[in-house]
Amino acid sequence: MAVQYKKVAPEGGWGMLVGIGMATMFTVSLGSLPSFGLMYGDFLTDLGEETSAIALITSCFFSALSFAGLFTNTLMKKTSCRTVGLIGAALYVIGSFMTIFVRSTNELLVSFSIFQGAGFGLMIPVSYTTFNAYFVQKRVVMMSVSQTLIGLGTMIYPIFIQKTMEAYGFRGCMAVLAAVNSNTLVAMLVMHPVEWHMKKLQLTEEELQMTTPSNEEPAGNVVSKIIKGLDRSRRASSIPGLGNWSGPVVVSDTTERDKKPATKWQVLVDFLDLTLLKDPIYVNIVLGISFALYSDLAFFTLQPMYLFMIGFGKPDVSLIIAIGAGADLLSRVFLAISSTCLNIKARYVYLAGALFTILARFAFLFVYDFYGMATITAIMGFLRTWIHVPLPLVFSEYLPTERFPSGYGLFMFLQGNITFAVGPIVGYIRDVTGSYSISFHCLTLFMALCVFPWLFEIVYLRLKVKALKEADLQQHKVAIPIKLETIEAGDKS
């Protein structure tokens, strides 16, 4: 008898290079965002457009990123995942080299916002999709390790930019950064299809029995067969979207619709995979994460200005921010180590991070001394990792592998537009009221829009599952004796 094998994810090997490539791409791409003022501040000041230009350019960057992410799945249907990543890397590198020669705000808008934003938007889903394909059992561990490398890189990046700017000036620094950003091409080149590196494992005896058809039916399986049949019929009738149950075949309800000519709206829905928006759990995940991310980014943007207002000096503010960044990095290492021995769903980690962040922010507003502020900032920095690191894993846990690119791309689009829509609200409230405390409470409310709908969903689904199990048990108690009596009557006759 020939030995039979199954193909599984490598869980290492070339996947290590995939993880390093993903970390490299995010380091060089994300590193430029918090350092934007450091890179272009003097250039925009000379043009007399510093404040307004920074707001416009960063907003356009995230808009281009969101739209590119939305179309990633469509591109992946027409070409390979790796090719889409290389297109994104090429756009990002072209934009980087264009920044060397910019002379106006409009030219910076095209080079940085459009080219680099769109390139980054294409590379994100490609990186996460490839990573998820290479790691299944070790996914959380390897994602935590990659995020730790990203954290280290983004901490070093501003120092690197400052030293380069001092040594070579603005355009010399842009040239060096363009060369560094070219590493995104290498990062996308290592995103090999997982089929090239899958491992072969010999099937176990149990797996062979499951795959080998048998005409013999043990007598002890009669009752279990009845239960399975009842359960299968129940599930088919209780989920109408699966189709109409008729014997052993599920006939899909979509066949008749496919015979009709597709409307323009249906073409758009299929093109962008908008059917995901019919899934309330997916929508709840997207809205929760979008509000939580906006709350997190806006909070840490306002924190330094708040610290200046309550009397902290520049050295103290810099040290407090550094302590928060150090706690963030420590939390990434902790998450990587703890994930090797604890198997907790990524969504629960995200939920815990958001919940404890709300509590920490309430304490933050009652602290005014240096040591207290450093401590509470360290706690919030530690919890911040729980909001950023598990993010892609929340989607990979819920979505099937083939729908992850479209699901994550659609999230990027919706998250970008939600941020664009609610972004000015907190700034407006701050300008009208003149109070940072009210602004922080508003941001905490946005974080709560992640926590409470998620908690409601979890409790509701658990109660529903419990009710279904109880209903199943009642059905089986009634159905099994009837079936057994029928079998015994048949044997006597």
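Placement of Cβ uses the backbone N, Cα and C atoms for every residue, glycine included.
Sequence annotations record features per position, and here TrEMBL assigns transmembrane segment to 12-33 (among others). Distant neighbours of the transmembrane segment (12-33): 39, 58, 61, 89, 92, 116, 120, 123, 127-128, 130-131, 134-135, 138, 142, 145-147, 149-150, 153-154, 157-158, 177, 180-181, 183-184, 186-192, 196-197, 199; these residues of the same chain sit at least 6 beyond its ends, with a Cβ under 8 Å from one of its Cβ atoms.
Marked as domain 'Major facilitator superfamily (MFS) profile' by TrEMBL: 15-465.
What TrEMBL lists as transmembrane segment is 53-71 (among others).
Annotation comment: TrEMBL describes 83-102 (among others) as transmembrane segment. Beyond the ends of the transmembrane segment (83-102), by six or more residues, the same chain brings 25, 29, 43, 68, 72, 75-76, 108, 110-112, 114-116, 118-123, 126-127, 130, 171, 174-175, 177-178, 181-182, 184-185, 187-189, 191 to within a C-beta distance below 8 angstroms of the stretch.
Taken from TrEMBL, the feature transmembrane segment applies to 108-128 (among others).
TrEMBL lists 140-161 (among others) with the feature transmembrane segment.
As annotated by TrEMBL, transmembrane segment applies to 167-190 (among others).
Residues annotated as transmembrane segment in TrEMBL: 281-302 (among others). Beyond the ends of the transmembrane segment (281-302), by six or more residues, the same chain brings 324, 347, 350, 354, 357, 361, 384, 387-388, 391, 394-395, 398-399, 407, 410-411, 414-415, 418-419, 422-423, 426, 430, 436, 439-440, 443-444, 446-447, 449-451, 453-454, 457 to within a C-beta distance below 8 angstroms of the stretch.
Listed as Cβ neighbours of the transmembrane segment (317-337) (distance under 8 Å, sequence separation of 6 or more from its ends, same chain) are residues 141, 144-145, 147-148, 151-152, 155, 300, 303-304, 307-308, 349, 370, 373-374, 377-386, 389. Feature annotation from TrEMBL assigns transmembrane segment to 317-337 (among others).
Taken from TrEMBL, the feature transmembrane segment covers 349-368 (among others). Sequence-distant contacts of the transmembrane segment (349-368), counting only residues of its own chain at least 6 positions beyond either end whose CB sits under 8 Å from a CB of the stretch, comprise 288-289, 292, 296, 299, 310, 335, 375-377, 379-380, 383-387, 390-391, 394, 437, 440, 443-444, 447-448, 450-451, 454-455.
Here the transmembrane segment (374-395) has Cβ contacts under 8 Å with residues 128, 131-132, 139-140, 143-144, 147, 151, 285, 289, 292-293, 296, 300, 303, 319-321, 323-328, 330-332, 334-335, 346-347, 349-350, 352-354, 356-357, 360-361, 363-364, 367, 404, 407-408, 411 of the same chain, all six or more residues outside its ends. If you look up TrEMBL, you'll see 374-395 (among others) marked as transmembrane segment.
Marked as transmembrane segment by TrEMBL: 407-429 (among others).
The transmembrane segment annotation in TrEMBL covers 435-456 (among others).
At the 8 Å Cβ threshold, with sequence separation of at least 6, the transmembrane segment (108-128) lacks contact with the transmembrane segment (140-161), having fewer than 3 such pairs. Segment contact holds for the transmembrane segment (53-71) and the transmembrane segment (407-429), given three or more CB pairs below 8 angstroms at sequence separation of 6 or more. Outside the transmembrane segment (407-429) by six or more residues, the chain places 59, 62-63, 65-67, 69-73, 121, 124-125, 128-129, 272-274, 276-277, 282, 285-287, 289-291, 293-294, 298, 302, 392, 395, 399, 438-439, 442-443, 446 with a CB less than 8 A from a CB of the stretch. Note on the domain 'Major facilitator superfamily (MFS) profile' (15-465): mean pLDDT across this stretch is 79.
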